[in-house]
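**Q** When I checked Swiss-Prot for this same protein, it listed these features:
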type: REGION; residues: 1-46; note: region 'Disordered'
type: REGION; residues: 1-88; note: region '5-fold hub'
type: COMPBIAS; residues: 28-42; note: compositional bias 'Polar residues'
type: SITE; residues: F232; note: site 'Interaction with the intermediate capsid protein VP6'
type: SITE; residues: M236; note: site 'Interaction with the intermediate capsid protein VP6'
type: REGION; residues: 404-424; note: region 'Hydrophobic'
type: REGION; residues: 432-452; note: region 'Hydrophobic'
type: SITE; residues: M849; note: site 'Interaction with the intermediate capsid protein VP6'
type: SITE; residues: M851; note: site 'Interaction with the intermediate capsid protein VP6'
Amino acid sequence: MAYRKRGAKRENLPQQNERLQEKEIENNTDVTMENKNNNRKQQLSDKVLSQKEEIITDVQDDIKIADEVKKSSKEESKQLLEILKTKEDHQKEVQYEILQKTIPTFEPKESILKKIEDIRPEQAKKQMKLFRIFEPRQLPIYRANGEKELRNRWYWKLKKDTLPDGDYDVREYFLNLYDQILIEMPDYLLLKDMAVENKNSRDAGKVVDSETASICDAIFQDEETEGVIRRFIADMRQQVQADRNIVNYPSILHPIDHAFNEYFLNHQLVEPLNNEIIFNYIPERIRNDVNYILNMDMNLPSTARYIRPNLLQDRLNLHDNFESLWDTITTSNYILARSVVPDLKEKELVSTEAQIQKMSQDLQLEALTIQSETQFLAGINSQAANDCFKTLIAAMLSQRTMSLDFVTTNYMSLISGMWLLTVIPNDMFLRESLVACELAIINTIVYPAFGMQRMHYRNGDPQTPFQIAEQQIQNFQVANWLHFINNNRFRQVVIDGVLNQTLNDNIRNGQVINQLMEALMQLSRQQFPTMPVDYKRSIQRGILLLSNRLGQLVDLTRLLSYNYETLMACITMNMQHVQTLTTEKLQLTSVTSLCMLIGNTTVIPSPQTLFHYYNVNVNFHSNYNERINDAVAIITAANRLNLYQKKMKSIVEDFLKRLQIFDVPRVPDDQMYRLRDRLRLLPVERRRLDIFNLILMNMEQIERASDKIAQGVIIAYRDMQLERDEMYGFVNITRSLDGYQQINLEELMRTGDYGQITNMLLNNQPVALVGALPFVTDSSVISLIAKLDATVFAQIVKLRKVDTLKPILYKINSDSNDFYLVANYDWIPTSTTKVYKQVPQPFDFRASMHMLTSNLTFTVYSDLLSFVSADTVEPINAIAFDNMRIMNEL
């Protein structure tokens, strides 16, 4: 009863922090054991004294203790299990957090699989509007006396005017514009998709897009528009040449916009699609595999098009010196591969109960005399067998390093490990793990069989235990088997331009299992002279269990090889082999499960699974290459624009983000900079280079169309009169710098030498500071007088900061508040500054009207394999590369 009181009080204690909760979970195990003892004592006292149970109430805390406190031993054990499970889950969460912190690019598996499957050809690039930087805008015209005229004039202005001030920032703006164009650059343009009706047309004609239609509408309604232009707009319509599948649409575009769109139209990525292309798109080994029956739909329209995937190989060599990046790529490939490896379901495996019963009979475990032999049956289940099968194939497909987990005293695990090391190349295992497993096999099975002393292996020895043992063992069959394992490596073969890691032919056809069995038989016949009889008997029975399944092991090896090679045909990136930062754990008990439970049912990937795996690989690979092209282009553009402050690391970060699978903040800096250096060495792709040259040639025109910045300022010691300008009225503006001494503002900021400006001004010589400056307008004459002189020159000379330079544009015209004050009193305002602003390009309808040509219609297919219907032969009849059934043991 005392226990109950204590328990009740403990439950009512306030939980001050999370640490107390953790301590409670850990202490619960001890408390539960105490519960057992107390309950037993309670039962005894109840039997002796009374059958009634008292309910003790703690008056002070008002806590009621329920009748059900007395629990059965079954309930207690259940509670104990729950506590232990909670503790185990908590430890897993802690390990998960540690993993997240230590592995730079670690992410949960489900999210990685979703990310890699969601990478698809970018259908968003199907344009519904033409690409435009400029739009025409109406501006008033001012007479010589500053009064506004009734007529207007059209100029080309920026659609989105976000130009910053400062030459460097302007160049950075152009880099961002370039990046935006690269993202928006269409793979193909079909003008018919974006064409809209021309409202002013006589016969329901169409123009190329909605913006062209709205411009035509505005010009048509403008009173200043000439009659001939109105008649022309009324006649604007598409011209169709159906026999050539061509259509021409009228468009109104700035010459620079026209150059971009014309380039996009002439350099589309779509190519004609026919049955031969689809046939060649299917991996050759799948086409030639007699287990798959493929049929193709022959009814492809002549207008069918496709975008060829960009499958260039190894341009960055991410396997070389990019440990965390490579780890993430192999992890995502592993997770993807696991999702496509066929499952060994329970109906394909031998019944676990029946098999364990048979093994028990073989081991003669009725007496259960030897503890070690009971371990042979531990952990054998169909789930572990399936997990092992998927892990082995997925790890080889993704070239993920595996680490082995085993107990040395479980001889059955070690004997299963001998099969594993025989069929899986050594490269696939973590070196330390491989050495530990080999050493356990040598010291537990091989050396004791021949009465040899234990091998004392020196850590760091270049030779593995099996390599040392091969030289010391005299028995031919065992030495021959060791020799095979020591030389079991992947063969690198280039198939269809892709580097494949292929298995040894002896493994593919399963003959190596006979070699393994010969070695095992030799070992079981040995006397184990230095070991007790029970030890010898345990090893022999373990070998007997495996050798009884010789036929199934041959079939399993052939099945493993076939599934690996069939799925490998769907891989498009070179299979580079490098040990990975993290490993996939493999329990040797699960290998035992696979060896003991494999049945005679053949499982091969379904055609739909293969096509899905192939499509995901193609999409990821193509996206990877396109993002490389973007990053290389941006790095080259940043260098050519002389963006010396641009952090190249940010470009590399954007590149990795666009690959979808990386957790960019966790990638170490050294790998970021190494990646930058690799990207710098690559050439720029042709389309991207041409687009950049178009921007480079027209930077001045784009800058000129902005209302946010001026191109410089002229500073004088004496006042200068305001001049008449058709666009603004009377202004302190100049359209030319001829006759002025010019100083570059960016150079001035970098050197900080203001002496030259001061000397020139003191000598009464005006000086022109050239650079992108904020274009501030102020039309109030009163504020103009207040800010005069002190605005520009005094501040920059005093503070030595050019970035504070904000020359004000003084506009005096009939729109300004004080225009009549100036006009009536013949006041001629002056200023010590003149803003240098280039004239935007006037809108000329005739020069802006362009005919754009594209195909009248075509259909772009992104999934070529949707045309292929596929089926498989009956799995029992499926044959391997040697024209024999994959699984012969029926």
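Any Cβ shown, glycine's included, is placed from N, Cα and C.
What's the neighbourhood like for these features in this structure?
**A** Reduced to three states, the DSSP call for F232 (site 'Interaction with the intermediate capsid protein VP6') is helix.
Listed as Cβ neighbours of the region 'Hydrophobic' (404-424) (distance under 8 Å, sequence separation of 6 or more from its ends, same chain) are residues 372, 375-376, 378, 392, 396, 433-434, 436-438, 440-441, 444-445, 466, 481, 484-485, 488, 507, 512-513, 515-516, 519-520, 538-539, 542-543, 545-546, 553, 557, 560-561, 585-589, 591-592, 594-595.
Along the region 'Hydrophobic' (432-452), the predicted structure has mean pLDDT 94.
Secondary structure at M849 (site 'Interaction with the intermediate capsid protein VP6'), as computed by DSSP, is strand. Using a 10 Å Cβ-Cβ cutoff, M849 (site 'Interaction with the intermediate capsid protein VP6') registers 18 neighbours.
Taking a C-beta cut-off of under 8 angstroms and a sequence separation of 6 or more, M851 (site 'Interaction with the intermediate capsid protein VP6') has the following same-chain neighbours: Q239, N248, Y249, P250, S251.
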**Q** On a count of neighbouring CB atoms within 10 A, which of the recorded sites F232, M236 is highest?
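**A** Of the recorded sites F232, M236, the highest Cβ count within 10 Å belongs to M236.
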**Q** Can you tell me the CA-to-CA distance separating M849 (site 'Interaction with the intermediate capsid protein VP6') and M236 (site 'Interaction with the intermediate capsid protein VP6'), as a whole number of Å?
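**A** That comes out at 10 Å between the alpha carbons.
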